[in-house]
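What follows is a single structure, written as structure tokens, with notes after it.
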Amino acid sequence: MLEIKGIAASAGVAIASAFRLEHPDYTVHQENVADSDSELKRLDDALAKSQQELEAIKQRTEEQLGAKKAEIFESHLLILNDPELLDAVRDKITSEKVTAQYALDEVAKQFISMFENMKSAYLRERAADMRDVTKRVLTHLLGLNYINPADISEEVIVIAEDLTPSDTAQLNRQYVKGFTTNIGGRTSHSAIMARSLEIPAVVGTQEVMAQIQIGDTVIVDGLDGKVIVNPSAEVLEQYQLKRDQYLRQIEEWKKLKEVPTQSKDGVHVELGANIGTPNDVTGVLENGGEAVGLYRTEFLYMGRSELPSEDVQFNAYKTVLERMEGKPVVVRTLDIGGDKELPYLDLPKEMNPFLGFRAVRLCLERQDIFRTQLRALLRASVYGNLRIMFPMIATLDEFRQAKALLLDEKQKLTSEGVQVSDSIQLGIMVEIPSTAVLADQFAKEVDFFSIGTNDLIQYTMAADRMNERVSYLYQPYNPAILRLVKMVIDAAHQEGRWVGMCGEMAGDATAIPLLLGLGLDEFSMSATSILPARSQISRLSKAEMEQLAAKAMGMQTAQQVVELVRSIDE
Amino acid sequence: MEKNFRITDEDGIHARPATALVNTANKFKGSEAFAEANGKKVTLKSILGVLSLGLEKGDDLKLIVEGDQAEEAIHALAEVMINEGLGEVHA
């Protein structure tokens, strides 16, 4: 028995035998043949087999993940039948008397290099599609014994170095019970896909490929980030129990989908979700989210070669607002700069990006960018319940300037005859200690606060959370942080404002009792954390948690606070 | 028959709309369809050809159809261009 530690990327426990997903060697050597006709025949056979596979994958993806995710395979089918590609390959086979695999590989390389040299980043990525299709046909031509992830037909745990988007999209949930990879983090593509497929996953183990052989019995514990290889009978039984418990718990959680979030003593708090794209709304609704507590608009700006136009933004905001059907949507204005780069803005590198030219600081200087976003937001405001939030506010003056620009654009739109909602709430993110300390003054001018704990903690503790040597100072439960959060909440309530939290801390089971006790009104977290959080809160008494929080704030260390919270039985 | 377009999609011509264009062109067996842009002409029945044009927002694109049902085909293709939000008809 062997235990390997990794990062818990998708919750749940899975037990099955190991399937090693390794991409074979596709190197092709030049070889001459006498009989071109038989090569043409081999090519056609390989194409026919590939076609069958692709059609099956496309159909299955459509059934499991919807038509949108299946479109990629529709493109692959077209590439497979592309006349430009096939004419060139057939021509090469007959005129140069080479093998079908060599001809295909050579022609495909030309297309791949053409895509790789394109100006548009989007088209450059199409090289990957060309590679995918070529490999599929080569597998047949080379007689490789490679089982495509899509062809897995018994229950397995997939073990891989990493999973490409194409690998992950082909995983059949019916048979792939879980997966584990050597590399990757919680936010890597494969981890995100695992959560949306609801397959338990542990990533970033560094060693599963070296330690696990085909057929080994493997336990993937996506709750605690552990992989266990060839467990003893006792351990196996223990994990079967853990798996069944988790499955029962999911059923329990599902019952809470339509129920408003309420503590045991009847206090209602709002549970919202953090999203990055309009597509994420599906997950929010499926998990019973009462709001979008944080819509990060950065993704609209990333992965393209120029700023998104007002219309592109308008459509995204409108989609989110409409799909939330009147439930509140907090949109954070552009939070970029410093460590989050936009290549086309050409910002200079900074010594201290976290303390630098970013977020609202950048927006107040680059008013062209900011005004475009504000106009798009204002135009979208009539389609739902919009709340606008400015990030990284350090002074009252910054808030006033940002608000003035918003009002200015609103005025312009109204005079152009464009309809704009009159009930947009305007708030700020509290993530800089100066703002937390002055919250009583801010509360007179804003409609709400949302506490961004990731940054607030690192600024309060003066420790870069990315720096491993000081990461021990990233302490959400430090009494200093709790007192700061309390200050913000009290100041806001004094003026009749509400306070949310949109950092990691809001969805953390250890933090939730404390935050409830401190009087937080809205918790925003990843969509899949909503139902567990709702279930937890329903078992907590707000009045009791107030006492707990008061006790915690009087403690000396974060460790003591954690022990205090663990000592309560729900 | 030919028709000129200006690409309006922020991301140029994507794989998905390109797929729709090629599938539409393929429906008209009796006619040949071509796309011409930036001095390059490709068959519209090849997705690799269409993507190889490397179209970006603001580029001009000419669709050309010859043979049977040319009018019907160009009409169908223009519909894809507009419905997919790819481009607008341009004189």
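Quick reminder: no glycine exception, Cβ is built from N, Cα and C everywhere.
In TrEMBL, the phosphoenolpyruvate site is described by A:Arg296, A:Arg332, A:Asn454, A:Asp455, and among A:Arg304, A:Arg323, A:Arg465 the residue recorded at this site is A:Arg465. Listed binding-site residues: A:Glu431, A:Asp455; maximum Cβ neighbour count within 10 Å falls on A:Glu431.
Across the residues annotated as binding phosphoenolpyruvate (A:Arg296, A:Arg332, A:Asn454, A:Asp455, A:Arg465), the two Cα atoms farthest apart lie 22 Å from each other. A:Arg332 (phosphoenolpyruvate binding site) falls within a strand segment according to DSSP.
In this structure, A:Asp455 (phosphoenolpyruvate binding site) is part of a helix by DSSP. Cα of A:Arg296 (phosphoenolpyruvate binding site) to Cα of A:Cys502 (active site, proton donor): a distance of 11 Å. Local packing around the binding-site residues A:Arg296, A:Arg332, A:Arg465 was summarised as the count of other Cβ atoms within 10 Å of each Cβ; on this measure the leading residue is A:Arg332.
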